[in-house]
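In what follows, a single structure is set out as C-alpha cells and then discussed.
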Amino acid sequence: MQFVWGNYKTLAWGKDELKPASGTGQDNWGGLGVTLVDTLDTLWLMGLKNEFAEATAWVRDSLTFANAGSVSVFETTIRELGGLLSAYDLSGEKVFLEKAQDLGDRLMPAFDTPSGLPVNNVEFRYLSHATGNPIYASAVNKVEQIFDKYRTHHALVCSSSMIVDAAHYLLKVWLQGGKSEDSYRHAYDAAVDGMVTHLAKKTEPSGLLYFSDWDGTRNKLKMDHLACFMAGSLGLGAATSEDKERAQRDMKLGKVKCDVQPTCTSMYLCLCAAFKGVKEYLLRPEVAESMFILHQLTGDPIFREWSWEIFEAIEKRCKTRYGYGAFRDVTNERSGPQDRMESFFLAETLKYLYLIQDTNQPIRLDTHVFNTEAHPLRIFGRDSIAAASHVASA
C-alpha cells in the first residue's frame, strides 16, 4: 500500500487515477480526486495516519464538486460519497461529513425521475442518519416498492451480476436498519431463491457451482466476476436468517469447500479465468470480499491461506513500476499488466486482503455494513431512520 500510495502522491496527487505503467495521473471520473477519497478508510484501517492526515488536508482545502460536470451517479455514490462517509464514521473529522452533504445535495436531482431510481440506499440512508436530514433516506427508500412492482414471478429482473448486486444491497439495507424493515429481507430472500432456482449451474466435469447470466429470456452459461461476491452475501444472509432450512442451504452454497467460493478462487490462484470468454483480470475485489465475510463468519484459516495466495499472484503478475495494472489476457504468458489501475484496487481489493490477515481489526460484520465499494458504515438501527421512512411512506 505504501508503495502505490507514495507514487500516487508524487505523480498524481488529487487526480482520479494513477496510471501504473506510465506514472501519470488522469481525471476520468469528473476530477473529484476519486482514488484519494476512495482510499481514505483503507489508509485509516491500515494505521497509515500520516498519509491519512495528508489526504484529509487535500479534501479540506482542494476538493470541490462545482466543476465536475456530468458524472456516473452510481460510481460517484459508491466511491466518492461512500468514501467520505466512511472516513467520517471512522475518524469523526467533520470535514468529511460537510463534503458528503454537499455531494449528496448535488446528486439528489438524479432521483427526480418517474421511477425514483437510481438505487444506492446504504450511503444516502447513512447521510440522513449523520446529518439528521431525512430527505436523502426518503429519496432511496422508495426503491424497494419499485423493485417489488417490477419483480417477475421467478424473482429475476436483470442479469446475474445486476441481480446479485441488488440482492447484496437489499440485505445490507436490512442489516443497516437494525433488521427491522422486513420488506428488504423478504426481497433479498426472493432474489436469492430466484437465483438458486434459475441461475445456479455446475461446470462439467469439475462440478463447480456458478451463477449463469440471464439476458431476460434465457440462461447464458457464463459467470461475471462481479457475481463472485455472492458467496459472501449468501454466508451473511444465512448467518442472519431465522429460517434454519434456508440458512443451511445458503451457507452450504457460500462457505469453504462448497460451490461458489472455490469456483471464484480458482480464477485467482493462477490468474487464469475459469469460464469461457473471461480472459481479463481488472484487479477486482469480489473474491476477496467473500473471503473476508466468510472468514469472519466461520473463522476457517483456509481463507487466510487463499487470500495470501491471491495477494502473491497479484504481486507477481500485476505489479508495475508505479502501481498495479489490470490484465487484458491472463491466459497469455507473454501478456503484461495494462496502464490502468482503478480506485477500487486500493479501496476494496487491498482493504479486504489486509483485513483478512489483520488479527486486531476494528471492523466487524455485527457493527458495520460495507457498501459496494468496501466502505464500512456503522449500523445505526431503525430509530435513526424513522423520520425518513415516515416521509417516504407519506
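Numbering starts at 1 and runs along the chain as displayed.
Every residue gets a Cβ built from N, Cα and C, even glycine.
TrEMBL entries are annotated by machine, without manual review.
Summarising the annotation, TrEMBL assigns Ca(2+) binding site to THR372. Spatially close to THR372 (Ca(2+) binding site) yet at least six residues away along the chain are ILE78, GLY82, ASP165, HIS168, TYR169, judged by Cβ distances under 8 angstroms.
What TrEMBL lists as disulfide bond is CYS228-CYS264. According to DSSP, CYS228 (disulfide bond) sits within a helical segment. Within 10 Å of the Cβ of CYS228 (disulfide bond) there are 28 other Cβ atoms, across all protein chains.
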